[in-house]
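This report refers to the structure that appears directly beneath it.
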Amino acid sequence: SKREIKLRKLDSTKLRPLNSEQLLRIEDHDFALRPGFGGSPIPVGIDVQVESIDSISEVDMDFTMTLYLRHYWKDERLSFRSNRNKSMTFDGRLIKKIWVPDVFFVHSKRSFIHDTTVENIMLRVYPDGNVLFSLRITVSAMCFMDFSRFPLDTQNCSLELESYAYNEDDLMLYWKHGNKSLSTDEHISLSQFFIEEFSASSGLAFYSSTGWYNRLFINFALRRHIFFFVLQSYFPAMLMVMLSWVSFWIDRRAVPARVSLGITTVLTMSTIMTGVSASMPQVSYIKAVDVYLWISFLFVFLSVIEYAAVNYLTTIEERKQLKKRGKASGTYSIDAVQAMAFDGCFHDTDVDMDLAAFPDRCEVNETRARAASVCNVDTTRAKRKRSLKGNVGRIILQNNHVIDTYSRIIFPSVYIVFNFFYWGLYI
């Protein structure tokens, strides 16, 4: 019937669709040439949406970013008739048959276009020949970092876009919407950095062999989180320095205790410094964290040297006292406090020392030695225990060297002043 024939004509699925190449008349033009070849430079607008900053590497001095890169230009060779003035959208298969800008990333180390499930490329052509070309790209590019204030630093990085073949006489790159051409995802965050700002700028780059090129910049500033490094580096270093000060309160004749404490704190500081250096590039200048750790190491080292001086001066004093006593009585005797310098243990003044360990006791009267050996062992131990409880604090204070007394005040005071100036300078 006539009605069925009319419905068949209105059914667009029964009509043979036009080929995209026929609709855009691709075969009628040479797309190896840019639009307006031989005339004024073709303007190409750019806008970028940053999806994520995937990583920042201090060791490699680079960053990895995923973004949507969109190009806008006009190619009258692609204009077509449209009653409704609607655009046509194509995927990446048409890109190889038409002219597109040859934008590349300056200082990029590696980059790729996402291809799951197909290449993330979109081409949209409007009836008047205006073209929108969009890509989803992940790019790793160099970032020239300055670590002189690490980890209290702020790094400024930039991603630079430029045409590879066309200089400013053939192609003019510009930000499509000015400063609003750069947009970011609200949920962008990094583990070690605060993102302080994103900004867009433009400039010119000169090459001696090919001329001047338009260049676009995506600038962003990153400020490092300090709390992680406070927990991992600064706070342990502070504790090691304060632990080394405990040595000033230990009796100067307790050689094993003070030497062991000093060596332990020195080795721990060395471990902290090695751990920090292992995660950083081998730069030829001093970083802020190096200043703090080396000064802290110096405080720990000086606490060991301080005890070496105390022990040396104590030995000299005791030798002088022994010589004086020997000249006065004709014999040499070692009291309990002096005995501690030899075996590291406290000996009460009322307890006789081992004659084999201290030969100068051999000159004591035989009768007194024979009587002392007959004394009850339990009575001696009880007496020694009572004497130790009552006199250990007094003996430590009496046998405190003047260097230890000054060190208890000078070391903490200087370290507090150093911390005050350090944090005031770098923060």
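Positions of Cβ are set from backbone N, Cα and C atoms, glycine also.
Automatic prediction, not curation, is the source of TrEMBL annotations.
Taken from TrEMBL, the feature domain 'Neurotransmitter-gated ion-channel ligand-binding' covers 26-225.
Taken from TrEMBL, the feature transmembrane segment applies to 226-249 (among others). Through the fold, the transmembrane segment (226-249) approaches residues 151-152, 192, 258, 261-262, 265, 268-269, 272, 275-276, 289, 292-293, 296, 299-300, 303-304, 306-307, 404, 407-408, 411-412, 415 of its own chain, all at least 6 residues removed from its boundaries and within a Cβ separation under 8 Å.
The domain 'Neurotransmitter-gated ion-channel transmembrane' annotation in TrEMBL covers 234-321. According to DSSP, the secondary structure content of the domain 'Neurotransmitter-gated ion-channel transmembrane' (234-321) in residues is 74 helix, 0 strand, 14 coil.
The annotation transmembrane segment is assigned in TrEMBL to 261-280 (among others).
Residues or ranges marked as transmembrane segment by TrEMBL: 292-314 (among others).
Feature annotation from TrEMBL assigns transmembrane segment to 409-426 (among others). Beyond the ends of the transmembrane segment (409-426), by six or more residues, the same chain brings 149, 152, 241-242, 245, 248, 288, 291-292, 295, 299, 302-303 to within a C-beta distance below 8 angstroms of the stretch.
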* Confidence summary for the domain 'Neurotransmitter-gated ion-channel ligand-binding' (26-225), mean pLDDT rounded -> 91
